[in-house]
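The next block holds one structure in the form of structure tokens; read it before the comments.
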Amino acid sequence: MITYAKGPRGLPADPGAASATAPTEALRPTERIALYDAPGGKPRAFLPPRISGLPVVAPIVAREAGWAAVLAPSANQRIGWVPTDGWRPEPLRDHLLVDLSDHRLTWTREGEEQQSWKVAVGSDQTPTPPGRTFVMGRTNTQGTVYAGLDALVLGSVPENKEQLAASLRGAHTGIHAWSSSSAFGRSVSNGCVRMPAAAQRTLLKEIDPGTPVLVVA
């Protein structure tokens, strides 16, 4: 049986990885659903209801007759196709845009900008993975550097795992608070997006699982 210990294998690349069009609906599976490599193709992985205790709400990024393509979790710039029978999509209203060159995260709701913040992003050795991903949920953090706030867990995973400490190589990337303002506007993280504490509080209050995230260069 395929597991997500090392991420799904055999799924196609996301053809719209750089698309600025925000997905507006998502799939929340109530049971394990097979992910296919194409409409009517071969099953390559599965989409479970939860991963590491977090609910899976996968944005829908394409449709063909009887099929929908969703962003795959625990993988970068990968999609999987699922038959559309037996479930109904959930609406999505929010979108997060991370601009790596401008070191900025912008939150929009139903196409309208809500707030924008200067942030820190990954370094050259441990970059923030580009492309489309999504918020999987939140997890607690340990240490005063995180301002005592939960982190938002993303579906993407580190690209240069060998550059990370062993304890971080199996982790997902995330969005979390950072206590030192000197980091903002710089490329200094291990791949996560570091936020001002007040900004992180806003995201934790407003952003739900399934929210699409676009990371652009």
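Every residue, even glycine, has its Cβ placed from backbone N, Cα and C.
In TrEMBL, annotation is done automatically, which means it is predicted and not curated.
The region 'Disordered' annotation in TrEMBL falls on one of the ranges 1-24, 25-48, 193-216, namely 1-24. Break the domain 'L,D-TPase catalytic' (94-216) down by DSSP state and the numbers are 22 helix, 50 strand, 51 coil. Under 8 Å, Cβ to Cβ, and six or more positions away along its own chain, CYS192 (active site, nucleophile) finds GLY122, THR128, ALA151, THR173, GLY174, ILE175, HIS176.
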